[in-house]
Amino acid sequence: MWSVRLLSTVLSLHYAVLGTCNPLLIHPTKRFAYSNAGDQLSDSYDFVIIGGGQAGLTLASRLSEDQNTTVLVIEAGDTGEAVQNQINTPSSTYFNSLTKSEYDWAYITSAQQNLGGRSVSWPRGKVLGGSSAINGMYLVRPSQIEVDAWSAMMGDAEGASAWSWSEFDSAMKKSETFTPPNDDVKTLAKIEYNADSFGSNGPIHASYPGFTFDTIGDWNTALVNAGIPMNSDPASGKNWGGFVANSFINPTNWTRSYARSAYIDPLPPRPNLSILVKSIVTKIHFASSDDLTATAVEFAETRDGERHTVGVKKEVILAGGAVGSPQILMVSGVGPRDVLEAAGVQVVHELPGVGEHLQDHLSTTVIFSTNKDTARSLYASGAVNTPQFLSYVNSAIAYVNSSYLFGSDENAATLKSGAEQAYSDSLIPSNNAEVIAGGKAIYNVMTQKIFDSEVGQIELLINMMFQDSISIGVGLQHPLSQGRLYINSSSAFDYPVIDPNYLSNPIDKTILRQGIKTARLLSTISPLSNALQGETSPGSNVVTDEDIENWLAQQVGTEYHPSSSCAMLPKEQGGVVDAKLKVYGLNNVRVADASVFPFGFAAHLGGPTYGLAEQAANIIRAQYNGGTAPGSSNSGGSGSSNSGNQNNSNSAFKLTWSWLTIAISLFLGATMM
């Protein structure tokens, strides 16, 4: 365990040449100068960002490009230096995972009634970079149909068009630099792509592993033979069909490209940016006036440790993710009145939608034995240990729509009709009229705009990471089941109750069942069938629809994509933020992370979250710099005045930049990995 001392250390980074060190180290060797940081943290900052994860670090990097703007990031986890090799090595996410370690929040849901009373593990990254430091590195764009449906939910609200496909696609592209696969990987895996659909000058790398298997090419051929077409341009807004997804991998050294390595580590000296780690935000303080202006953020190292506060000159930006952001709002007195009062929290502002509309992709796996090489078998043998091989991660997927899953357009229409008829207010876990209205609005988008479209309802993923087996993952992309998240304690150190309400809507179970059948069908299609020797799970005794549904209740779990707990919806629909990401009723608090998506996409949420954070930075900078905000024809110069002229470039600043972190009781000469 690490002995820590709040606000105690500045890490001044002095870079040395990599030389002949491990090729999987993305960062140069660092020498750390420890000193007391009590006088290093300023009394106040223009922007205080709560959460140093994927969205938080993106925002910190972009906002601090304006050299007269001061930014503080407060991150609950550590820097990740001690486990940098695990983070950097892509395959470690499977072979040497940081889940269930101190770098994982290790949330657990409440007992799920429709899963036989099981609770489900919810890993989330508790480290600088957040879940982008521990996830599977899939880079998948949502479809234009979904994004435009999201934007349309905000109606004619000011700024709503910032979330239309054309605007959001530009923001996602801004985050990334695309690199095509090498020729061998492209040929063997039968990869198709359109480079024009990606960004070319962003911090995050969008590329492919440096190693693959012929089984991936067989998978893609089998998809076509099964009637699922290959998609040569899945990033263009039409993301259905089969393709090998991009991965967040830096192809110059075959390492993970994540929020810290992309948006923070390459920065020039930047004295206006501070990052505080190993500190839990305990509360946002508000002025005792009618405008509910956030004036300070309170934080502490431990439950019983001293509380510290830092002042807020302009805004607080919540970037704690689908769990952290609603929790911090609630412990600060913003949320459903009944929840706050039951938890012993004084109500500062009643906002019923906080923590509501929670959604998550639900998934399971069909497993087959094999005598083919897998990544796990090669890794275990030690026969291959190159950086290219260690960059291998699963990335071959297919999104299949209702018509394919149920055999025809007519059957898909029957599903849609059944889903519409299955709706009941009782499916929304709230008695609040606004929240119920929002739940129904989300439900209607699913049934009326998504279900009978080409958008995938099931994601299929081939998994080469098991020993002596190959599996096909089956993930529900648009659950009709909606849950909630709420506090039952006034302490930010106590985890909230997470109730995704899995499979509360029977349509979800029906769609997942068809996904299992589709995975089984694919296993019989040549040439993939040549690699599969027999199904080991669910197994030959799980045959009927009832068998499959009973098995699902015992086996399904998260696909690690929680969203929507601070939904961008109209206030009268239980919304938490408006189209400019401002929390309703609060003067200067925004939320900018996956919690604001009003529904889950047929996509992994990494790419969309970077896009959301980039767009949030565009909106905020336009307001304070006097520019035109995305989705608005008006100048965004209203709001607090900025001190001095702004510099939007990423040019170097010739002053010392330092990170604030927590002291570690290690010898000063200890080497950090």
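Counting begins at 1 with the first residue displayed.
Just so you know, glycine gets a Cβ as well, placed from its N, Cα and C.
Lifted from TrEMBL, the feature list:
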- 1-19: signal peptide (SIGNAL)
- V127, V281: FAD binding site (BINDING)
- H604: active site, proton acceptor (ACT_SITE)
- 628-647: region 'Disordered' (REGION)
Structural state of V281 (FAD binding site), classified by DSSP into three states: strand
Entry from the binding-site residues list V127, V281 having the most other CB atoms no farther than 10 A: V127
Neighbouring C-beta atoms (10 Å sphere around the C-beta of the residue listed as 'active site, proton acceptor'): 26
Cα-Cα distance linking the residue listed as 'active site, proton acceptor' and V127 (FAD binding site), given in Å to the nearest integer: 20
Pairwise CA distance, the residue listed as 'active site, proton acceptor' versus V281 (FAD binding site), rounded so that it is a whole Å: 28
